[in-house]
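Chemist: The structure's right below; bear with me while I get my questions together.
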Amino acid sequence: MAKHVVVIGGGVGGIATAYNLRNLMPDLKITLISDRPYFGFTPAFPHLAMGWRKFEDISVPLAPLLPKFNIEFINEKAESIDPDANTVTTQSGKKIEYDYLVIATGPKLVFGAEGQEENSTSICTAEHALETQKKLQELYANPGPVVIGAIPGVSCFGPAYEFALMLHYELKKRGIRYKVPMTFITSEPYLGHFGVGGIGASKRLVEDLFAERNIDWIANVAVKAIEPDKVIYEDLNGNTHEVPAKFTMFMPSFQGPEVVASAGDKVANPANKMVIVNRCFQNPTYKNIFGVGVVTAIPPIEKTPIPTGVPKTGMMIEQMAMAVAHNIVNDIRNNPDKYAPRLSAICIADFGEDAGFFFADPVIPPRERVITKMGKWAHYFKTAFEKYFLWKVRNGNIAPSFEEKVLEIFLKVHPIELCKDCEGAPGSRC
């Protein structure tokens, strides 16, 4: 009888894991559970907020797609996990038994600053991005000060930088940039830290970009409150300061959703309810449970004065998904080989008229290679990659062999590595 793998989550991590499993093992029973009926291309959510993309341009409906690849799709919220009984219970009360479980839910958003959820905007979901788009129309009609940034505990800083620079470009195009003072406030110890201690010359590059575009910045502070007309932050000396604001966009922090917490403290990290995994992204206690994506508990790479987390970018998530799929299939086939993701990353930050290209191998130091470049070519590269990735989703193969070969030739990157000892922190070398 075929083994049954249940994947919770229909984002990059869930889709990539399901497709990798299907391509590695055609007779495997796979069920994907997601409360969203679509796959959304997260890196394009800033563009959706700016009105540069339509929702249908960057999303793919899952119900007609997944059955084509013999993957059952359940469009419901997963309510709870019983790791001892090997079951997932959905919102309707349906109990689904599994042999292996992959948790790729994505995070629960935590709007930790007072008034953040009510008075600010976000670009972390398609729905939030569309709401932000409406708020921007109000700003264009009645310009005033803009404040963008990240609250304490954030691990995903890139979109905030991208959004600030894209908004500068849009305001300039509309001829109203001179009416909009812009300030960037972040919990990072310095600009371009990104939660990973910087990537090459990222500090200098981002500081130069902001200086050239007249965007003021305040780093190493904790945003405490966001009110309709101002942002209140606290410095390291405990002093509070205010910055006037007509429009704000602040990245929230992340924690694991309730379904992860329901599995208990051996699956959910008590501190943040993220999935506890080892180097091979397997839960150390329940060996048939794996984590993929933002919901995995990767420890911070360094202690910062204001708490920051480690980002999990698209390329990192694809590598997690590939490693997990190989590990599940090898376990089914009684093959002792285990794999860990390399956790290297290509990040392209779109600035509107040009873009920044960042490559870190691996993301978690010490690194073997780092590349930071900037130019109009990177802007077009990101647009092309968006279309390419959505093509991969529609065609049931997130990891085509030619892509792996291209990365190996040009960047000397191998997405996964054979791991003789999985019992270590995720991201640590085997």
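Cβ coordinates come from backbone N, Cα and C, glycine included.
Per Swiss-Prot, the features are:
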{"type": "BINDING", "residues": "Gly9, Gly10, Gly11, Val12, Gly13, Ser34, Asp35, Arg36, Thr42, Pro43, Thr105, Val294, Gly314, Lys382", "note": "FAD binding site"}
{"type": "ACT_SITE", "residues": "Cys156", "note": "active site, cysteine persulfide intermediate"}
{"type": "DISULFID", "residues": "Cys280-Cys422", "note": "disulfide bond"}
{"type": "BINDING", "residues": "Ile346", "note": "quinone binding site"}
{"type": "ACT_SITE", "residues": "Cys347", "note": "active site, cysteine persulfide intermediate"}
{"type": "DISULFID", "residues": "Cys419-Cys430", "note": "disulfide bond"}
Chemist: Rounded to the nearest angstrom, how far is the Cα of Cys422 (disulfide bond) from the Cα of Cys156 (active site, cysteine persulfide intermediate)?
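Modeler: A Cα-Cα distance of 26 Å.
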Chemist: Of Cys280, Ile346, Cys419, which recorded positions are close to Gly314 (FAD binding site), meaning a Cα within 10 Å of its Cα?
Modeler: Ile346
Chemist: List every residue in the same chain as Cys422 (disulfide bond), at least 6 positions away in sequence, whose Cβ is under 8 Å from its Cβ.
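Modeler: Listed in sequence order: Asn278, Arg279, Cys280, Gln282, Lys338, Ala340, Cys430.
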Chemist: Return one of helix, strand or coil for Ile346 (quinone binding site), based on DSSP.
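Modeler: Once the DSSP labels are grouped into three classes, Ile346 (quinone binding site) ends up as strand.
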Chemist: To the nearest whole angstrom, what is the C-alpha distance linking Gly11 (FAD binding site) and Cys347 (active site, cysteine persulfide intermediate)?
Modeler: 18
Chemist: What's the CA-CA gap between Gly13 (FAD binding site) and Cys347 (active site, cysteine persulfide intermediate) in angstrom, rounded?
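Modeler: Approximately 17 Å lies between the Cα of Gly13 (FAD binding site) and that of Cys347 (active site, cysteine persulfide intermediate).
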Chemist: Can you tell which of Gly9, Gly11, Gly13, Gly314 has the most other C-beta atoms within 10 Å, given these are the binding-site residues?
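Modeler: Answer returned by the neighbour count: Gly13.
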Chemist: Taking Cys280, Ile346, Cys347, Cys419, Cys430 as the recorded positions to compare, which has the smallest set of other Cβ atoms within 10 Å?
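Modeler: Across Cys280, Ile346, Cys347, Cys419, Cys430, these recorded positions, the one with fewest Cβ atoms within 10 Å is Cys430.
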Chemist: Would you mind ranking the binding-site residues Thr42, Thr105 by how many other Cβ atoms sit within 10 Å of each Cβ and giving me the lowest?
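Modeler: Checked Thr42, Thr105; of these binding-site residues, fewest Cβ neighbours within 10 Å: Thr42.
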Chemist: Just to verify a number: CA distance, Cys347 (active site, cysteine persulfide intermediate) to Gly9 (FAD binding site), in angstrom, no decimals.
Modeler: 23
Chemist: Including all protein chains shown, what's the count of other C-beta atoms within 10 A of the C-beta of Asp35 (FAD binding site)?
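Modeler: Result for Asp35 (FAD binding site): 18 other Cβ atoms within 10 Å.
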Chemist: Per the record, FAD is bound by Gly9, Gly10, Gly11, Val12, Gly13, Ser34, Asp35, Arg36, Thr42, Pro43, Thr105, Val294, Gly314, Lys382: how many Å separate the farthest pair of Cα atoms?
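Modeler: Between the outermost Cα atoms of Gly9, Gly10, Gly11, Val12, Gly13, Ser34, Asp35, Arg36, Thr42, Pro43, Thr105, Val294, Gly314, Lys382, the distance is 28 Å.
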Chemist: Between the Cα atoms of Asp35 (FAD binding site) and Ile346 (quinone binding site), what distance do you get, rounded to the nearest Å?
Modeler: 29
